[in-house]
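One structure below.
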Amino acid sequence: MDLLFGSTNPGKLRELRRLVAGLPLRVVSPDDLGRPLPVVVEDGATFQANAEKKAVAWARWSGLHAVADDSGLCVDALGGAPGVHSARWSDLEPEGPASPVCELAGVAELELGPVAGRAARDERNNDKLLAALSGLPDPRRGARYEAVLALARPDGTLVGTVTGTCPGRIGHARRGDGGFGYDPLFVPAAELAAGEGARVRTMAELSSDEKDALSHRGEAFRKLLPMLAALARGA
């Protein structure tokens, strides 16, 4: 059975394909279909609302079961920013003091185009995050990754949604060449538990298997597996 994952982000596609490798499913991307995804304006109030809206729209468009992801980084010291604006945070004007960015989606988070353009935006986003937290000690650099996955049938019926969270802390400098987004700055809580004096690794320094075990998206994908297994069985 073909399953559309509504993303052109190669990192997200690799994660999902690794995690469903044992199921009789073929994860396809918009590139595999030879058609660009239709734009869905992400104007929902939460990650969940945006993920559900995309999954329903893309399932109807493709005629396939579809999975959509909405995810982001929420930093405690920034009142939850960048939150739903994580992908394009560096392109936005500074948020006002009353803007709970982790819950409000006032702009469309469109897919980010070529890999080179996405990497450049990641760099700008990380620069902005480092500047925003400049001078803050480790105890005030708490953060979490959040991911919501929504699954819809070809007729647009919503099957369900799942959520994954990865708590951690923002480092003081980039480390690691793996991952994408804020991974070079994000130190997962499991690494912090190593104890005083231990060298902790960022998400970008973990192997693929280690990241799958710890990440917000890995947790969400694992929660989604029973739904996907039922679909593969024809349930």
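Using the three backbone atoms N, Cα and C, a Cβ is placed for every residue, glycine included.
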Among Ser62, Ser71 - the residue Swiss-Prot places in the same substrate site as Ser7, Thr8, Asn9, Pro10, Gly11, Lys12, Phe180, Gly181, Tyr182, Asp183, Lys211, His216, Arg217: Ser71
Local backbone state of Gly11 (substrate binding site), from DSSP in three classes: helix
His216 (substrate binding site) CB neighbourhood, other CB atoms within 10 A: 23
Cα-Cα distance linking Asp70 (active site, proton acceptor) and Gly11 (substrate binding site), given in Å to the nearest integer: 14
Packing count at Ser7 (substrate binding site) (other Cβ atoms within 10 Å of its Cβ): 20
